[in-house]
Amino acid sequence: MTTTHILGYPRVGEKRELKFALEKYWKGESDVNELRHVASEIRQKNWTLQQDNQLSFATAGDFAWYDHVLGTSLLLGHVPKRHQNGTPDLDTLFRIGRGQSQSTCGCAGHAASDMTKWFNTNYHYLVPEFSSADTFELSWTQLFDEISEAQAQGHTVKPVLLGPLSYLYLGKEVEEGFDRLSLLPKLLEAYQAIFAKLEQLNVEWVQIDEPILALELDAKWLDSFKGAYQTLQTNLKLLLTTYFDSITDVLPTITEINVDGLHIDIASSPEQLSTVVDALPAQWVLSAGTINGRNVWRANLVEKLAALQDAKAKLGDRLWVATSCSLLHSPVDLDLETKLSTETKDWFAFAKQKVAEVNWLAKALDGDAQAIAYCEQYSQPIIERSKSTSVNKESVQRRIAGLTAKDAERSAAYPERAHHQKEVLKLPLLPTTTIGSFPQTSDVRKTRAAYKRGDISTAQYTEIIQGFIKDTVERQEKIGLDVLVHGEAERNDMVEYFAENLAGFQTTQFGWVQSYGSRCVKPAIVVADIEREHPITVDWTTYAQSLTDKPMKGMLTGPVTILCWTFPREDISRETITNQLAFALQDEVSDLEAAGINIIQIDEPAIREGLPLKARDHQHYLEWAVNAFKVSAASAKPETQIHTHMCYSEFNEIIDSVAALDADVITIETSRSNMELLNAFEEFNYPNEIGPGVYDIHSPNVPEVEWIEQLIEKAATRIPVERLWVNPDCGLKTRNWSETEESLKHLVEATQRLRTKLA
Ligand code: GLN
Ligand code: ZN
């Protein structure tokens, strides 16, 4: 019989129970027992589900109070110095995740650890901090307690553990000149102690995650695997687990590692299956990660079954069936969706449904006739969908098929455009502007919610939102900004708003996925060819423009960002989806322009995070991503000024592509790094205009005029002053009005001082 398992299940709960319990606890409105109770109920439900679906194992160790990498740090007794204070408890864990301000503990404050993206997902983990004095010591019993808890409920438990090399690799040194890999021997002692405890708990298999094997590792890291796993002596069976990309490059290294099996992700790279099957050491099992843990689509089980047949014939019961990665990255339960049509609902599978898919697929693989029939029937809706004309729209496909290099080019090059734009816009030296959103007050949010519920009519809604726009425009005029925005009061989220207004997307009620800590996101799903059926932003923007003589900047979310922050289709490429979005946005650009809007910003904050895991795949991605952005802007006349915005600071890697976007103006985040980012522009002569963010909107602090002045001067040493803009770091939606107005007044004053100085 085929062995089945999943790599992990969402821990937030089907209705985000953990989120609400955590936030209640943090506010002091509940005690730790209540919090623990909610968590154990979630775990119990998750394990029961795996049992009900006859999986061979219930996976434990996938639960995390805040983040599983942070959980691993606690397990290893590896707590940053500033957070050490006796035996760590849950509050220690939360402090590392969330930080603690001066006011609450009376000392200098305990900054949270850095957070960064978990590989190429939208999940964020807490970065372990390493220095030479670090020690590892087991005192945190969560993993062992949860294994016992599951066993007490009658489950055969397979714990999951982040492996030692990935744990080290994903962290960072906090000591000058220190190499964290030198901690490996000490760390292995701790893993050895963990293994001893797992043996005592009568665990047979352990899923040891080493996802870094799917990266292009330096020899130094790669060569450490063999020795490390040789050192670990255990009677446990280890399933070396990889995901998110292919590992065939490093297969010779992997097969030398002292483990008992390998898990590979064949949802992200199906082609690696046969190579791995042929190279698999004779005693190993192979866990085939077939059911995609990162998307919401129902699996075509007929196809999946066919893809596994050959491996099954060669490996027999040594072939296991599994999800590609942890289901952490998919929403929890499709059954909760009451507003989807039956047709649409049959296209999807969330975490709960994916567990069932694993079971049916394995049964079918074992030749169970009922399971085979089920797989056929289950796959029908997906197969029919691929032929449907409401999914595959002729008009959209014709446009994509006709896409040529010309569609991505504006009618004039930047120097000529800049000349026209100067004439039309008549902007002063160092023009000032903002990134788009203004404070989303509770009135703003309440208005949108009331409209969504149907409590107010469209006419009423329009009038109230126009009121917010008018107020926002008046405030900007008073502050003295040069290029104004309408403020985005109608948008809950920069991607969701466009997903709701373009044809081809489906939104859900409960499709939440953990992003970090208690924070979840609910991405829309691309379900069909994307079309713009009506103008989206034109009315709001022209209304705003009618209130002022200053230029009003139209505000769009770029095609790559929309792609990165939604669940994509799997039946067409990400490139094709992005091109469809690009054409839809191009039409919006044309309509804004025709309505008299002379400046249009197309935000692309996600362009960098869309990068594939392996550097060798970067170029291809960047080419089509840049091209799609350019298509969205290409219809703009030379005198229309196209802006773009990106808010992260690791720019160096993609600077050529950023320049290749050929936006007339780019605004970027720099203030937190004290303009360090501009070093990237030192060697690279950025050809167009640029607005390095001069203050950090993530903090409530109001920046001093002198401080801003000095930052602009610093920027002017790298970018010719004629091509410099002055603006905050990012959108202001999370700030309140008084901070915002004060900060922007300082920004304008600093700019004026410099203009006088330069004149
Ligand atoms: N225009 C958006 C805003 O101002 C940009 C947000 C972002 O960069 N993430 O909110
Ligand atoms: Zn931003």
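Placed from the backbone N, Cα and C atoms, the Cβ positions cover glycine too.
TrEMBL annotations: computationally assigned, not manually curated.
Just one of Glu474, Glu477, Glu604, Glu609 is listed by TrEMBL for the same 5-methyltetrahydropteroyltri-L-glutamate site as Arg16, Glu17, Leu18, Lys19, Lys117, Asn122, Arg519, Cys520, Trp565, and that one is Glu609.
For the Zn(2+) 1 site that TrEMBL gives as His645, Cys647, Cys730, the extra residue drawn from Glu669, Glu704, Glu706 is Glu669. Record check: TrEMBL places Ile435, Gly436, Ser437, Glu488 at the L-methionine site, and the matching candidate among Asp317, Asp591, Asp603 is Asp603. For the recorded L-homocysteine site, residues Ile435, Gly436, Ser437, Glu488, Asp603 set the reference point as the centre of their Cβ atoms, and the other residues of that chain within 8 Å of it by Cβ are Thr434, Val485, Met494, Met555, Gln601, His645, Cys730, Gly731, Lys733. Among the binding-site residues Arg16, Glu488, Asp603, Cys647, Cys730, the residues whose Cβ sits under 6 Å from any atom of ligand 2 are Cys647, Cys730.
In the three-state DSSP reading, Leu18 (5-methyltetrahydropteroyltri-L-glutamate binding site) counts as helix. A distance of 9 Å separates the Cα atom of Ser437 (L-homocysteine binding site) from that of Cys730 (Zn(2+) binding site). If you measure from the Cα atom of Trp565 (5-methyltetrahydropteroyltri-L-glutamate binding site) to that of His698 (active site, proton donor), you get 21 Å. With a cut-off of 6 Å between Cβ and the nearest atom of ligand 1, the binding-site residues Leu18, Trp565, Asp603 reduce to Asp603. A simple Cβ count within 10 Å picks out one of the recorded positions Arg16, Lys117, Arg519, His645, His698 as the most packed, and that one is His645. According to its DSSP assignment, His645 (Zn(2+) binding site) is in a strand.
Here the domain 'Cobalamin-independent methionine synthase MetE C-terminal/archaeal' (430-752) has a mean pLDDT of 95 out of 100. Among the residues the record lists as binding L-homocysteine, namely Ile435, Gly436, Ser437, Glu488, Asp603, the two farthest apart have Cα atoms separated by 13 Å.
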